Amino acid sequence: MALGRTGAGAAVRARLALGLALASILSGPPAAACPTKCTCSAASVDCHGLGLRAVPRGIPRNAERLDLDRNNITRITKMDFAGLKNLRVLHLEDNQVSIIERGAFQDLKQLERLRLNKNKLQVLPELLFQSTPKLTRLDLSENQIQGIPRKAFRGVTGVKNLQLDNNHISCIEDGAFRALRDLEILTLNNNNISRILVTSFNHMPKIRTLRLHSNHLYCDCHLAWLSDWLRQRRTIGQFTLCMAPVHLRGFSVADVQKKEYVCPGPHSEAPACNANSLSCPSACSCSNNIVDCRGKGLTEIPANLPEGIVEIRLEQNSIKSIPAGAFTQYKKLKRIDISKNQISDIAPDAFQGLKSLTSLVLYGNKITEIPKGLFDGLVSLQLLLLNANKINCLRVNTFQDLQNLNLLSLYDNKLQTISKGLFVPLQSIQTLHLAQNPFVCDCHLKWLADYLQDNPIETSGARCSSPRRLANKRISQIKSKKFRCSGSEDYRNRFSSECFMDLVCPEKCRCEGTIVDCSNQKLARIPSHLPEYTTDLRLNDNDISVLEATGIFKKLPNLRKINLSNNRIKEVREGAFDGAAGVQELMLTGNQLETMHGRMFRGLSSLKTLMLRSNLISCVSNDTFAGLSSVRLLSLYDNRITTITPGAFTTLVSLSTINLLSNPFNCNCHMAWLGRWLRKRRIVSGNPRCQKPFFLKEIPIQDVAIQDFTCDGNEESSCQLSPRCPEQCTCVETVVRCSNRGLHALPKGMPKDVTELYLEGNHLTAVPKELSAFRQLTLIDLSNNSISMLTNHTFSNMSHLSTLILSYNRLRCIPVHAFNGLRSLRVLTLHGNDISSVPEGSFNDLTSLSHLALGTNPLHCDCSLRWLSEWVKAGYKEPGIARCSSPESMADRLLLTTPTHRFQCKGPVDINIVAKCNACLSSPCKNNGTCSQDPVEQYRCTCPYSYKGKDCTVPINTCVQNPCEHGGTCHLSENLRDGFSCSCPLGFEGQRCEINPDDCEDNDCENSATCVDGINNYACLCPPNYTGELCDEVIDYCVPEMNLCQHEAKCISLDKGFRCECVPGYSGKLCETNNDDCVAHKCRHGAQCVDEVNGYTCICPQGFSGLFCEHPPPMVLLQTSPCDQYECQNGAQCIVVQQEPTCRCPPGFAGPRCEKLITVNFVGKDSYVELASAKVRPQANISLQVATDKDNGILLYKGDNDPLALELYQGHVRLVYDSLSSPPTTVYSVETVNDGQFHSVELVMLNQTLNLVVDKGAPKSLGKLQKQPAVGSNSPLYLGGIPTSTGLSALRQGADRPLGGFHGCIHEVRINNELQDFKALPPQSLGVSPGCKSCTVCRHGLCRSVEKDSVVCECHPGWTGPLCDQEARDPCLGHSCRHGTCMATGDSYVCKCAEGYGGALCDQKNDSASACSAFKCHHGQCHISDRGEPYCLCQPGFSGHHCEQENPCMGEIVREAIRRQKDYASCATASKVPIMECRGGCGSQCCQPIRSKRRKYVFQCTDGSSFVEEVERHLECGCRACS
C-alpha cells in the first residue's frame, strides 16, 4: 500500500489489525496458542535460543516441526511431547539434557528427524525410540554416552542415518544394531571403543558410510573379522586404526594381516560388556557397585543408575519425593540410605521388587504417612529406620512381609496410637524404638503395654503423653488396667488400623458431618492434617496469601467443595490442586490474584463451578483455563480485566454461564473475537460492556460492529508478560541488583527464581515481608538501610540462604527466633548496628554458620551474653573484632578472647539497654497513655482523650474541638473517661448528641400514610385522595371548589386522583389546550387560516371566495398593489417591503418566488431522492441539515467501485468508505443527532482525504487514503435511502449496516456551496413530502406519498383500513381451497395446489403423465406448474420452449479480484482481474478454454505484506474433447 508517512501510519495499522481480527473470526475457531516467547508459523514452532530450562507448555497439537535447540533444557519428561501426534521434525541439540525419561517419545508416531547432539546424555535408555517407527535420521553425537544397550534402537527399523560420534562409548552390547536393516550412515568415531563383536554390522546390507576412526581398538583375534569386513568394503571405514597392542598401534585395521590378529593363551570368546554397568550419575561416585551421592544438593532420585548396584547413599540432600518405581529396576540392591532429606511423598511402589534389600534408612525427613503396601515384598529387610519424621498413623498391615526385620525405629514421630497386631509379623524383631511420640494411652494402647512386658525389646523408653493421669509414664511399666477409654477417645481411635486417625478435627477448625469449617481463624496456610472424609472444606476469611503445592488434596479423595474466599491469596503455585480430581466447586472470591496461568488449576479435572469474583485479575490468556473441560459456571465479576486473549474459553466446552460484568474492558483489536464468540455461543454472560475507547463506552461487547474493534498501533495486550526485572533494578540471570535506588519497599516485578538480591543503600525501615516468597535466595544484602528491628521467623522460609548482610542499619534488638530456619546460612553480618544483647538460642538453627560479624556494636557483656562468648570460642565463627562496650569492667574487651568467667551479672542493668528490645519498659507514654511496640518508631503511644503528642504530654481542651453534634453544648468534666459531657437540644440524645430518635415509632398517621421522621416531631405523607395533618380527610377533586378541569370538561373521580373528559377541540390533562386546527388546513390562494374551537376559518384575499377561498375573482382588476402582478409559487404569500413585492415562503421552500424546494420530509418505508452525479466533483464539499428522532438510517450513499455512505448509527453519524484495495474504514461523530432538532452535517473530500464535520465541531478524518475517492463517476448520489434493487452489496460490512431508509427531514443540501432544488422530484421519490411536516395520519403503518399533497398508508401486519386503524381479519378464515394451501394476499387469498391438482380452488385433478406425454422436452425434463401446465426444465447448454436450442460455446468476461489465503492473512489482487468463463454446448465435446496465457499480479494482504504470483487467464473458449 502506498500511504503517507505520518498520520496515515496509525490508520494503516488499525486497518490491518482489523483485517486480521476479521480474518481470524471468519476462519472459524482460533488457532492453538503459541508458547510464551516462541514463534509459530503454520505448523512450525520456533523456540530456539530463548534460555529455556524446560520444554514449554502449550505447544500446538498440530505442530509438525519444533525447534528447541540452543536452550538450557536439562530433562525430557514423559509429558513434554504428549499429544504431538503430527510432529515430524524435532530439534533438541545444543542444550543441557542429561535425562530422558522412558516413554518421552511415545506419542511421536510421525517423527522422522530427531537431533539430540551437543547435550549431556550419559545413558541411552532401552526402548526409548520404540514408538517412533518412521524415524529416518537420529543424531546423538557430542554427548557423554558410555554404552549402547542391546534394546537401544528396538522399533526404529527405518533409520537411515545414525550419528553416535564424539561420545564416551566403550561398550556396544551384542545385537544393539540388529534392528537397523535400512541403515546407510553410521558414525562411531571419536569414542572409547576397544572391541566390536563380530555380529555388530551383519544386518546392515545398505550401509554406505561407516566412521570408526579415533577409537581405542584392540587388534587381537577377536577383531580379525573386522579386517576382512573392511577389506571387502574399501570405501567405508577409512582411517580405522589399531591402538593396541603396541606393535600394531597406528596400523590400519584393513591392512593388518590376519595372522597378526592373535590372542595370548588359548582362544576364548570375546568378553561381553554391559552398557548399563558403565553409567554413574555425574554428581555421584561409583565403585564396587556402590553409588555414593551424599551431600550433593540433589533434588530428586538420580536416574540411570548402574543396574548392578548393591548400595546407594543419598543422605543429606534436598530430595522431596520418591517417585513410582524409583528403585524397582535395581534388583540387586541391599542397602538404601535416604536420610536427612526433605521427603514428604513416597509412591506406594517405590521399593517394589527389592527382595534382596536388607537395610532401608529413611530417618530425618518429613514423611507424614506410610503409603499402603510400601514395604510389601521386602522379605529380606533387617533394618528399617523411620525416626525423626512426622508419621501420625500406621496401618495394621504396614509391616506384613517383614518377617526378618531385626531393628525398627519409629522414634520422634507424631504417633498417638498404634493398632493392635502391627508388630505381629515381625517374628525376628530384636530392637524397637518408640519414644518421643505423643502417645494417647487409652484402651486402644493397652495391648502395647502387654506386648512390651512380654517382649522387652523397646529400648528408647517410650512414654505416655496423655491422659494427664498417665502423662510421662513409661508404657512398658503401666499396668494394663490403667488403659481406659472415654466416648470421644473410642470414636477417635476406632479406625486407627486403617489410618483414619484424621477423624480428629484440625486445631481451630469445626467439623460437622463431612464439613470441615476452618473459616475466620486467621490461618496463614491450609492445615497440614485434614480428615480423609472431608467433602466440604471451608477456609474462607483467613490470611492465606500463597497456595503452596503441598499435595494436601491427594489425601482427600472425597473432597467436592473448596471455599478460599476473602483471603489474601496473591499466588497459586503450580500443582497446588494436584489430587483434587473430585472437586466440583472452587471459591476464590475476594482475594488479591493479579495473574493466572494454566498450571494453577491443574488437577481440577471435574470442576464445574469456578468463582474468581473481586480479585485484581487484569488479563485472561488462552491457557488460563486449560484442562477445565467440565466447568459450567465461571465468574470473573469485579476484576480489572481489560482484555481477553482469543481462544481463552475454547477449552471450556461445558460452559453455560459466564459473568464478565464490572470489568474495564478495552474494546480494541485484541477483543474483536469476543463479540463474535458471545453472539455465537448461547450462554448467559450478563452482557458485558466496553469501557474504552470513549465512543464505545457502555456499549455491550456483543453489539459492537467488528470494524469498530481497532488499535492505534501503540496498544499492547495486557496479557503480555510483565518484565522479569523491576524497573529500578538491573538483572543478570538470577542476580538482581537494586542498590542505592532510594527504595522504601521491595520493588514489584521481582523474578521468582532470584538467587542473589542486593538492596543496600536504600531507605528500608524493616525487612520486607515479601522476601519470604523467594525461596531460592542464597544471598541478601540489606546493609546501609534504616532497619531498626527484626521480627521472629522473618527468614524461616529461606532454606537455601547462605549469606545475610544486615550491617550498618539501626538494629537495636535480635528476637530469639529471628534467624529460625536458616540452616544453610554460612555468613551473617550484623556489623555497625546498635545491638547490646543477643538472647540465648538465637543461633540454634544456624548449623552451617562459618562467619559471624558483630563488630561496632555496643555489646553489654554480662552473664546473659556468656553463652555467645562460649559459642564463638567453640567454632571460631567470629574473627576477633567484636568488643564489649559495657559494663565498665568489660569495656573494650574482645568477645572471642575474654575468659568466660568474666561475663558476670552485678546489679541492675541500665534501663536504656533493656529497653532496646522493648521500648515500653522505659515508660515513655505519660498521662496514662498506653504503650505498644512499633517496628519503625520503636514504640507508639495511645493517648487518653485530653492529651496528644508522641508521648501524650500535650494537653488539649476537648471542648475546643466541639465534639457535641447538632448544636449540643460541651462541658469539661475530669471525672468522665473522655473528659467532657454534652447537653443535647430537644430531639437529640447520645453521648455526643449524635442520635435523632425515630419519632415515627409511635405515630398517628391514618389511611396507610407514610410517616416521615423529623426532629422531635414527624410528618404524614398522604396517599392520593387524602389530606390533613394525619391524612384523615378525604379529597373530592370534582367538587366545584376543587375542580381543575377547564373549558367545560367533565371531571371524573378516581381511586388515585381524577380525570378530565375534554369537549371536542380541546386536549391536555386539564383540557387546557385549544387544538390548533390550522395545522392541516385547506385554505387556498394564500388565504389566512384562523383557528376556532374544533375547526378553523379561511380569510380570503381580496377577490377570492368559497369555504377554502378556492374561487378566483371573476375578472382582473386594475393593479393597485405591487403584489398584484407578482406571482409567488408553492402557496407563498406576497407582501410589500419598501414598495417592493416580496414572497414570504412556506416552510421548506426558498428563492425569490419560493420556487425552490429545499426541505423534504422522508415519511415512506423505502423513500429516497436521487441526485445526478454530474453535480459531484472529485474534490467536493457536501453539506446538509438533518432532523430526526430515529437511531439508524441512510443519509447519503454513493455507489461505485469505491462506495461511500453517510449513515445514522445508534444516534451518531457514521462515515463509511470501502476500497477494494484495503479493508473498509469507518469514522463516527462524537455528537448525537437523534433528538428531533436540526443538525448540520458536512462531508469534505480534498487531497485524498475524507473528513466528517457535525454541528461545526472538530473534524473526524479517515486519514490519508490510497487514492482519491471516486465520487465523480457516473453513478447517482442518493439521499435518505437507496433503491431496493441497488442494496448495499458494494459495501463489505456486516449485519450492522442500517438497510432501512431515513425517517425525518433533510434541509438545505449544498454541493460545492450550490443549493439543491428538490422541486423536480423523480417519479420514484414516493414517500418524500415537501417541507418538514410529519405524517401522523397512519395509526398503525407508514406513510407513502402518491401525489404532491396526498399520502397512502402501508399498514403493519394485523392492521387494515385507509388509515391502518382497523384490525385485519385473516382472509384465509373459511377459505374454499379443496386440495391446496390458502395463501393470504392483502384482503383476499389464492390457493396453492397440491401436486396433481389445479384450478383457482384446486378442485380440478390434473393428469400429469398425460399432460407431459404430449409435451416433448428434447434436452430436458417435463414438469407440471402450480397451474397444472407442463413446462421443460433444460439441461445445461440448452434453451428454448422445448429445450431444442443448443447454446453455442462462448466466453463470458467477469471482472473480479482474485483472492488467496496466506497463513492468517487474506490477500487479494490490487485491481479487478478480467476472468473468462466458458459456457455453452458442444455436442459430444465440452466447452473449454482453448487459449490461455499467464500474467503476474500483485497481491496485497490484510497484514500489510504483499507478493507477486502468476495467474493463468483464459483468452478464448471453444469445443474440445472432454478430459
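Quick reminder: no glycine exception, Cβ is built from N, Cα and C everywhere.
According to DSSP, the domain 'LRRNT' (34-61) comprises 0 helix, 6 strand, 22 coil. The feature domain 'LRRNT' is assigned by Swiss-Prot to 34-61.
The domain 'LRRCT 1' annotation in Swiss-Prot covers 215-265. Mean pLDDT for the domain 'LRRCT 1' (215-265) in the predicted structure: 87.
What Swiss-Prot lists as domain 'LRRNT 2' is 271-307.
The local packing around Cys293 (disulfide bond), expressed as other Cβ atoms within 10 Å of its Cβ over all shown chains, amounts to 25. Per Swiss-Prot, disulfide bond is recorded for Cys284-Cys293 (among others), and the stated evidence type is similarity to another entry.
According to Swiss-Prot, the feature repeat 'LRR 8' maps to 332-353. Taking Cβ pairs closer than 8 Å, the repeat 'LRR 8' (332-353) reaches residues 289, 307-326, 359-368, 370-378, 380, 385, 550-551, 554 in its own chain, all 6 or more past its ends.
Across the range of the domain 'LRRCT 2' (437-487), the DSSP-based residue counts are 22 helix, 8 strand, 21 coil. Annotated domain 'LRRCT 2' per Swiss-Prot: 437-487, in sequence order.
The disulfide bond feature in Swiss-Prot is assigned to Cys441-Cys464 (among others); the stated evidence is similarity to another entry. For Cys464 (disulfide bond), the same-chain residues that are 6 or more apart in sequence and have a Cβ closer than 8 Å to its Cβ are Phe439, Val440, Cys441, Leu470, Ala471, Asn472, Lys473, Ile475, Ile478.
According to DSSP, the repeat 'LRR 15' (606-627) comprises 0 helix, 5 strand, 17 coil. Annotation source Swiss-Prot lists repeat 'LRR 15' at 606-627.
According to DSSP, the secondary structure content of the domain 'LRRCT 3' (663-713) in residues is 21 helix, 8 strand, 22 coil. Residues or ranges marked as domain 'LRRCT 3' in Swiss-Prot: 663-713.
Sequence annotations record features per position, and here Swiss-Prot assigns domain 'LRRNT 4' to 716-752.
Only residues 6 or more beyond the boundaries of the repeat 'LRR 17' (753-774), in the same chain, are considered here, and those with a CB under 8 A from a CB of the stretch are 546, 571, 734-746, 780-791, 794-798, 800, 805, 935-936. What Swiss-Prot lists as repeat 'LRR 17' is 753-774.
Residues annotated as domain 'LRRCT 4' in Swiss-Prot: 857-907.
Swiss-Prot lists 918-953 with the feature domain 'EGF-like 1', giving sequence analysis as the kind of evidence. Helix, strand and coil residue tallies for the domain 'EGF-like 1' (918-953), in that order: 4 helix, 12 strand, 20 coil [DSSP].
What Swiss-Prot lists as disulfide bond is Cys920-Cys931 (among others), and the listing cites similarity to another entry. Cβ contacts within 10 Å of Cys920 (disulfide bond), excluding its own Cβ and spanning all protein chains shown: 17.
Residues or ranges marked as disulfide bond by Swiss-Prot on the basis of similarity to another entry: Cys925-Cys941 (among others).
With helix defined as DSSP H, G or I and strand as E or B, the domain 'EGF-like 3' (996-1032) counts 4 helix, 10 strand, 23 coil. What Swiss-Prot lists as domain 'EGF-like 3' is 996-1032, and the listing cites sequence analysis.
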*Going by C-alpha distance, which of the disulfide-bonded residues Cys920, Cys1011, Cys1305, Cys1332 is nearest to Cys1434 (disulfide bond)?*
Cys1305
_For Cys1305 (disulfide bond), nearby residues of its own chain (Cβ under 8 Å, 6 or more apart in sequence)_ = Thr1159, Val1160, Asn1161, Phe1162, Val1186, Ala1187, Thr1188, Phe1238, Cys1332
*Quickly jot the same-chain residues contacting the domain 'EGF-like 6' (1119-1155) by Cβ under 8 Å, restricted to those at least six beyond its ends, or write none.*
1086, 1161, 1307, 1315, 1317, 1319, 1330-1333
*Tally of helix, strand and coil residues over the domain 'LRRNT 2' (271-307) according to DSSP?*
4 helix, 6 strand, 27 coil
*Can you grab the distance from Cys1000 (disulfide bond) over to Cys1109 (disulfide bond)? Cα atoms, rounded to a whole Å.*
71
*Near the repeat 'LRR 15' (606-627), which residues from the same chain, at least 6 beyond its ends, have a CB less than 8 A from one of its CBs?*
30, 33, 57-58, 565, 581-598, 633-652, 654, 659, 717-719
*Could you state the CA-to-CA distance between Cys1100 (disulfide bond) and Cys1083 (disulfide bond) to the nearest Å?*
8
*asked:* Using Cβ atoms and a strict cutoff of less than 8 Å, what residues sit near the domain 'EGF-like 3' (996-1032) while being 6 or more residues removed from its termini?
replied: 966, 986-989, 1055-1057
*Round to the nearest Å and give the CA-to-CA distance linking Cys1393 (disulfide bond) with Cys284 (disulfide bond).*
94
*Top Cα neighbour of Cys1083 (disulfide bond) in the set of disulfide-bonded residues Cys284, Cys941, Cys1011, Cys1517*: Cys1011
*asked:* On a C-alpha basis, identify the one among Cys284, Cys293, Cys931, Cys1098 that is nearest to Cys1443 (disulfide bond); the candidates are the disulfide-bonded residues.
replied: Cys1098
*Looking only at the domain 'EGF-like 6' (1119-1155), what are its DSSP counts of helix, strand and coil residues?*
0 helix, 12 strand, 25 coil
*For Cys1517 (disulfide bond) and Cys1467 (disulfide bond), determine the Cα separation and express it in whole Å.*
29
